[in-house]
Amino acid sequence: MADPAECNIKVMCRFRPLNESEVNRGDKYVAKFQGEDTVMIASKPYAFDRVFQSSTSQEQVYNDCAKKIVKDVLEGYNGTIFAYGQTSSGKTHTMEGKLHDPEGMGIIPRIVQDIFNYIYSMDENLEFHIKVSYFEIYLDKIRDLLDVSKTNLSVHEDKNRVPYVKGCTERFVCSPDEVMDTIDEGKSNRHVAVTNMNEHSSRSHSIFLINVKQENTQTEQKLSGKLYLVDLAGSEKVSKTGAEGAVLDEAKNINKSLSALGNVISALAEGSTYVPYRDSKMTRILQDSLGGNCRTTIVICCSPSSYNESETKSTLLFGQRAKTIKNTVCVNVELTAEQWKKKYEKEKEKNKTLRNTIQWLENELNRWRNGETVPIDEQFDKEKANLEAFTADKDVAITNDKPAAAIGMAGSFTDAERRKCEEEIAKLYKQLDDKDEEINQQSQLVEKLKTQMLDQEELLASTRRDQDNMQAELNRLQAENDASKEEVKEVLQALEELAVNYDQKSQEVEDKTKEYELLSDELNQKSATLASIDAELQKLKEMTNHQKKRAAEMMASLLKDLAEIGIAVGNNDVKQPEGTGMIDEEFTVARLYISKMKSEVKTMVKRCKQLESTQTESNKKMEENEKELAACQLRISQHEAKIKSLTEYLQNVEQKKRQLEESVDSLGEELVQLRAQEKVHEMEKEHLNKVQTANEVKQAVEQQIQSHRETHQKQISSLRDEVEAKEKLITDLQDQNQKMVLEQERLRVEHERLKAVDQEKSRKLHELTVMQDRREQARQDLKGLEETVAKELQTLHNLRKLFVQDLATRVKKSAEVDSDDTGGSAAQKQKISFLENNLEQLTKVHKQLVRDNADLRCELPKLEKRLRATAERVKALESALKEAKENASRDRKRYQQEVDRIKEAVRSKNMARRGHSAQIAKPIRPGQHPAASPTHPGAVRGGGSFVQNNQPVGLRGGGGKQA
């Protein structure tokens, strides 16, 4: 870089006119202007480099703010222009304006036009490369406006510690129209919103970067300059803008970043040792523009309305602080090898002089330390030391020049050697052009392969997302199944509690029966009338014995069922109970348990059969796939061998063809010579006296022979070139075939992986089916349980009726008993009420079981529906996999056709050389999308073929606007 120089940041102030809402509100125009550099607000003056009134045109603003910076950027300096102010103060109007209106366009479109106009007027030996970037800072994230997929770019530093946005799209341009098309494309992607103060409020800070690199083709001097054109979002008061929701979040981030910018300006103005550039991504990007190597111009946009007076004062104070900041600017020069060498020699001489000075001073110091007195003429004199160093260098240079001159004289080239060197150079240039074309083709091929790889990655990601959704659905169904199991367990537990309570109540009934027997004995002793009651009691005992016998029979049937289950399961440990005093409720529980065991055993047997059939089918599929894979591998090896043999055969045929052509040529020449000799002999016989005419005929024949020879030589050379081209094409096809084989191998691996995933999902589907079968079996068990409980309740109800009738008859018979009998009737009533309470509790439990059963029946259709949806999803995934394979096959065919078409197009294009006028160099740049304006095609330097407009551009000055 050149020597640095300091310069202040230029601050321009612009006031917009009152808008319609301010006029309707009756706001006052508070700004008063004094000259062209001062404005008065509330009787306080604010001075800037330039103050623009409301009537100032866009052209005047541009001429005073930005016109000079074009020359600076093209001379190798960095430049920045950004607009600052509150919302709706005219920042976007100042920077952009109406992009395609000659009078209403702002700074950005005008500066673009001026850059190219200035280039066209410069020396034709200069070559320019111009590239542009367009990005925004939205919610403190850097978002590329030319590629909306890049939403969170990062800020890095280059080798000179200059911040830059990594990964941002760079478009190479060669005309103002292409730049404007790029701006239109980026502006359409920028975030805007409607607020109470502005219908088109910018919700982000936009930065348009123009990077200009120039090279002098004669001196090889290289300069580079960057121009940042920044449109900041305005600071907002929520009470005025009415922002809410997402707009409110945007306003918070805007105010935060502007506050960070204000802190940086304040720190630079106060000369602080620490400047908080890293508090915001915007200040990080503009670090070089604020106190660094850059010529910076700030346009502060203000509202003249009294409604916004406080915001206007804050903006003016910001501008005054920024005006005190000094930047250190220097030219961005890339030194050539010769310049680096000169600089090295200069530093070397300087270092040598300093060493001589140090040596002289050390000698003089040692003499003084040793006690000597150094005379004045021997003391150090700077001029004398420089003169001695210059004389010594001159002698060395004279000594070195003599052998160099002798070598130069001996090394002069002859004309033949010079021509030979020029021919070699031409051949090398041609090889470079061929390599450029090959590089272009390979770059396009790599780009297409990248696109295909991204498509495959997206397809893989979607498949993985579907798999995750399926897994989540399976987990949810598993959780619901577990919950249903818990509910069934709770129901069974409730039934067990009921059985225990029933046992307790039965024990209490037995105790009360004993008490009743005692009372009956007392009644028998007191009254003979109770003998009939004893007889009836005997009948009741007989009935009880009958019930016990029936219970014993039921127990025997249950034991038979247990024995059958033990034989089916393989467990023969079922033992006969010793006692026979079990009641009906215990038998009911045992019967339910036995029926459940039977159903589970049947389910297990059925599932085992299904698993065996599934395993058999899976083994068959695996064998078929292995056979198909072996056949494919065999077919691939056969094709490779066939291609190799065909290649060798083609080479042999070409060699034979060349030999035959050479023999045909030689025979043709001999035939022509024989015909010529025959013709000469005939003419000699007919015209013996015309010797002169015969000589002329002989010359004509020789000329004809020579022309035939030249024609055959040209044909031979063209055929050889064609053979070489065919061999190259065969080599390319072999490479392509190898790539297709690798691609096929990759697809085979992918197919195996997807097949494994499919098997896993089939297994999970089978598990769900088994779970559904279990749920159905549980429903059947609950149904049987419900029927059993209903039967038991009916039995209890019948017993209750019998017991009530018995008590009624006994009460009638004992109506004439004395007052001592009242205690017995009260005990009977208490027993009746106790049994009635038990009956009510059993009825409630029955109703609860019925409700639970109904809920389970309602839940069952939902689970069946989910199971069907899961099966349909699996089918959809299988069809998607099949479609993806078909698409991959079509893509491979289309890719092969495109490669063939590109080869044919490259082969058919002619080479063209650069002219003397201005030309646009567009070497191929991988990774760029086509630019928006295809109206300016350019020629490839060193290749001569035309390419698209999405490639780096080199622009030469002095020769016109386009090639």
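Placed from the backbone N, Cα and C atoms, the Cβ positions cover glycine too.
Remember, it's a predicted structure, so these values are computed and weren't measured experimentally.
What Swiss-Prot annotates here:
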type     : residues                                               : note
MOD_RES  : Ala2                                                   : N-acetylalanine
DOMAIN   : 8-325                                                  : domain 'Kinesin motor'
BINDING  : Gly85, Gln86, Thr87, Ser88, Ser89, Gly90, Lys91, Thr92 : ATP binding site
CROSSLNK : Lys213                                                 : SUMO2 cross-link
COILED   : 330-913                                                : coiled coil
REGION   : 908-963                                                : region 'Disordered'
REGION   : 915-963                                                : region 'Globular'
MOD_RES  : Ser933                                                 : phosphoserine
MOD_RES  : Ser945                                                 : phosphoserine
MOD_RES  : Arg956                                                 : omega-N-methylarginine
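There are 29 other CB atoms within 10 A of the CB of Gly85 (ATP binding site), with all protein chains counted. Residue pair Gln86 (ATP binding site) / the residue listed as 'SUMO2 cross-link' shows a Cα separation of 35 Å. Lys91 (ATP binding site) has a Cβ environment of 26 other Cβ atoms inside 10 Å. Here Lys213 (SUMO2 cross-link) is positioned 36 angstrom away from Thr87 (ATP binding site), judged by their C-alpha atoms. When the alpha carbons of Lys213 (SUMO2 cross-link) and Thr92 (ATP binding site) are compared, the span between them is 28 angstrom. There are 23 other Cβ atoms within 10 Å of the Cβ belonging to Gln86 (ATP binding site).
In this structure, Gln86 (ATP binding site) is part of a beta strand by DSSP. Neighbour list (Ser89 (ATP binding site), Cβ cut-off 8 Å, at least 6 residues apart, same chain): Arg16, Gly234, Cys301, Cys302, Ser303, Asn308, Thr315. The residue listed as 'SUMO2 cross-link' falls within a strand when secondary structure is assigned with DSSP.
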